[in-house]
Amino acid sequence: MSKRSDGSQPRTIVDKVWDAHVVRAETPDAPAILYIDLHLVHEVTSPQAFTVLRERGLKLRRPERTLATMDHSIPTLPRGADGRWPFVDAQAAAQVSQMERNCADFGVELHGLGDDAQGVVHVFGPEMGATQPGMTVVCGDSHTATHGAFGALAFGIGTSEVGHVLASQCLLQRRPRTLAVRVDGQLGPGLSAKDLILAIIAKLGVGGGTGHVIEYLGPAVRALSMEGRMTLCNMSIEAGARAGLVAPDDTTFEWLAGRPRAPKGAAWDEAVARWRALPSDEGATYDRELRLDAAALEPMITFGTNPGQGIAVTGLVPDPVAERDASARATLEAALRYMGLVPGKPIAGQKVDVVFIGSCTNGRIEDMREAARVLKGRKVRTRTLVVPGSHRVKKDAEAEGIDRIVREAGAEWREPGCSMCIAMNGDNIQAGQYCVSTSNRNFEGRQGPGGRTLLASPLTAAAAAVTGAVADPRRVLEGR
């Protein structure tokens, strides 16, 4: 590793953010104590943590660094004529009321049901301008890596750790290794960040990033919008990574400017000057590297029961016989048995029962626009739910007439929430049904007991909706 002109060693962005937040250094016997800039909470993983605080008589260490919303268990259907929300059960209603009480008692800013800013936590946080470059961000949710799109070190934590951050604003953490994923070239027509991340996970495998933070680099990544970068970082965990991030640039700053929690005036100028120093230094080294060519990719879709089991929509369902490793062969056989798919058969043409467009992976305005491109002037042939990721997304989409396009196509336009991604709120599929979903996980039963999930981009999902089967969105857009 060559030294910089000032004599210092080149550092990655992960090094820079980590070093700036170490309260106590890591030793062989103990993890580092890491300061946390932003703690996002929602109604499902936080109640137990607040209960522990009450039992121990503790207050929040930095309530202004904590921001709350509701998303997992809330209904995506509107209030009834009686003004009540149609919760799926009493437990869901109790989670919401408990969240309201916890935030009121501990002084946490909450944007709950009926609030104009409410949304899926990883859509809502960035929209508020709360997520900023160089921050450490945590949330009791697996897909917290979404916020890495801003050049933040963001990762999910467990319920006990939620309590630790509420009480101390710190966490015990071991320094992660680094993995550079460089994407050359540019994505072709009909492809998006979702296709890119599915291709990356298929290449790495679901454990390929274990113990690492992924930094996404290269011209194809730089060309992505902030929405695309959030999709990319969101699914880093599905490759086993602790987090994923993209260094901030003018695209980042333009997206953040003017948002409620973003710095203003002179403070904004000072912040941008700091943020410009965050990208990895020339000559910085990574523990591992992976390189892909974006121009060689095709629209992707999963066929199995983990996000790493992905192929091009033009491809064939893999044959386990081709697997030399016995364990990998058994895993593939089990996945195909659950999914009911035939080895060697084209995935295109596979009948689809339900389509879900939404989630913290693909519930942003850009995703709504992509889906509308395919739905406009066409009719869906299967049940289709389009669920905006936040009230802001919903409002913006409706201002553009996207809701009308969705409804005229025969699809359902819903209220914001996690919805069918995790199927906690009554939005689910039935046993044996196939769902093309823009969410992030295709585990057995993820969208309902016995349900079969195929992960894809909004374009590919919308193409499945209007054809009733897995289809190449490029052909649908071309009218073929």
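Glycine too: its Cβ is placed from the backbone N, Cα and C atoms.
The [4Fe-4S] cluster binding site feature in Swiss-Prot is assigned to Cys360, Cys418, Cys421. Within 10 Å of the C-beta atom of Cys360 ([4Fe-4S] cluster binding site) sit 29 other C-beta atoms, taking all shown protein chains into account.
Under DSSP, Cys421 ([4Fe-4S] cluster binding site) is assigned to a helix (H, G or I) in the three-state scheme.
Each residue in Asp71, His72, Val120, His122, His143, Gly358, Ser359, Thr361, Gly363, Gly389, Gly417, Ser419, Ile422, Ser439, Asn440 lies on the same chain as Cys360, Cys418, Cys421 and has a C-beta within 8 Å of the C-beta centroid of that [4Fe-4S] cluster site, without being one of the site residues. Around Cys421 ([4Fe-4S] cluster binding site), a 10 Å sphere centred on its CB holds 29 further CB atoms from the protein chains shown.
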